[in-house]
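Report on the structure given below.
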Amino acid sequence: MAKMIVFNEEARRALEKGVNTLAEAVRVTLGPKGRNVVLEKKFGSPLITNDGVTIAKEIELENPIENMGAQLVKEVATKTNDVAGDGTTTATILAQAIIREGMKNVAAGANPMVLKRGIEKAVEKAVAEIKAIAKPVESKEAIAQVAAISAGDATIGNLIAEAMEKVGKDGVITVEESKGFTTDLEVVEGMNFDRGYISPYMITDPDKMEAVLNDPYILITDKKISSVKDILPVLERVVQSGKQMVIIAEDVEGEALATLVVNKLRGTFTCVAVKAPGFGDRRKAMLEDIAILTGGRVVSEEVGIKLDSATIDMLGRARQVRIKKEETIIVDGAGRADDIKARIAQIRRQHEESTSEFDKEKLQERLAKLAGGVAVIQVGAATETELKDKKLRIEDALNATRAAVEEGIVPGGGTALVSIQKALDNVETPAGDEATGVAIIRRALEEPLRQIANNAGYEGSVVVEKVKSLPVGQGFNAATEVYEDMIAAGIVDPAKVTRSALQNAASIAAMLLTTEAIVADKPEKKDAPAMSPGMGGMDMGM
């Protein structure tokens, strides 16, 4: 296919046009008085959202060169979302501002490579300053504030803070769609996995269709149990102790299953069999997790323990095990705290070293199950359109909160970026284009605050100048339209979100400024469809 090649100023201007088209669609959503954007869906109702990355992902432009510019800014939003989970609109606005100011200077004769060096030095200094002014997030109130600002809803903020309090900062918090109108929090305490009882005859509570065993012994094995002979020695010891028993195995079938069911129905002995969770190597790892949590051992021939030689000392213990049709919950396992901590540290290391997103997600789940349970936020709304928007907002708020716990918080509402401008005075650069690069970042740092003010119906430049004259930490509260201490007012941003937005925006913008030629596919001219015979003058007897 033939290519078109565009050079110099013409190339940069076309890219900038694409950048501006995407950024203008996204920037209207910033701040407490930001508007929504409606996205057409080929199937189902349109999606109404104010989530920057969701809007950016939908945008494809007709002109191939302008589309390249839009795709580059889309990468800014996507990368920021991947790293920090929020701040995508801020990142897009920063990228647009850096590109706009940079283009002016390149057009006036500045050397793009020297400008890029100045931009990089300024960003390095700004990031160090963001880290320096960040305050750690420890209290439930601070967590609620971060989540409320991100979601634009105090109720959601409180819900996320409550979820984090219950499952811990490493705990898994999932967001699911509910059938009702209200948004609720459901906490599953202890370790849970998605396998239930093998036979419904094993239930102890017919009303709830579940088996609840208090203070049971837990046999954990990766073997398939078909013959009762294999487990008879350990079964006899458990029966003598008068306790109940849970068997977690690859499967329990045939004679072994029949024996357990008959004894349960006769009231002789309660034993519930559950299939082991996961598959392959992940199953072995999860069984090991359960063993450490309950203070037992995995009975496996791989470690030299045969099923018929298992002793009662190898069994795990827990305060309670609840088993439903498709879920098992182990509450308060009897494992040693030091062993559990060591296992958590090991999984955390694996999580850091893993390059697969799927593996990371599964390791995070295992981490949470060992660390303290799973919280589920059930999102409810009157219509499907509202439900989708609400779910996106809650997911954003959850990501922002995790980022805040990780690296702390800074004053929100674009205030932190304006306040770190002063730090750029200390960047050592030779006069000329490198100093201009620093000035470009200094000017771009004002842009998010300017846009928040514009969206609230104020003159952005006036608000920016006013905030610059205020003490550090004070800014413009667009929700109440007053100037106040942002952290005291609960208007905060996660430092990680602010840092990632600036770094990603500057990275893509600097690359774009140094572009001197663009190669793109030539759009194909589509021939007009041939008219069908007899349609010429539309006479045909009419």
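Placement of Cβ uses the backbone N, Cα and C atoms for every residue, glycine included.
In Swiss-Prot this protein carries:
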type: BINDING; residues: Thr29, Leu30, Gly31, Pro32, Asp86, Gly87, Thr88, Thr89, Thr90, Gly413, Asn477, Ala478, Ala479, Asp493; note: ATP binding site
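Locations of recorded Swiss-Prot features on the structure.
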| residue | record | DSSP (3 states) |
| --- | --- | --- |
| Thr29 | ATP binding site | coil |
| Asp86 | ATP binding site | coil |
| Asn477 | ATP binding site | strand |
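Once Cβ contacts within 10 Å are tallied over all protein chains shown, the binding-site residues Thr29, Thr88, Thr90, Asn477 are led by Thr88. Of all residue pairs in Thr29, Leu30, Gly31, Pro32, Asp86, Gly87, Thr88, Thr89, Thr90, Gly413, Asn477, Ala478, Ala479, Asp493, the annotated binders of ATP, the farthest apart have Cα atoms separated by 20 Å. With a cut-off of 8 Å between CB atoms and residues at least 6 apart in sequence, the same chain places Thr80, Ser150, Asp396, Ala397, Asn399, Ala400, Ala403, Pro494, Val497 near Asp86 (ATP binding site), listed in sequence order. Gly31 (ATP binding site) is surrounded by 25 other CB atoms, counting those within 10 A of its CB over all protein chains shown. Ala479 (ATP binding site) counts 15 other C-beta atoms within 10 Å of its own C-beta, drawing on all protein chains shown.
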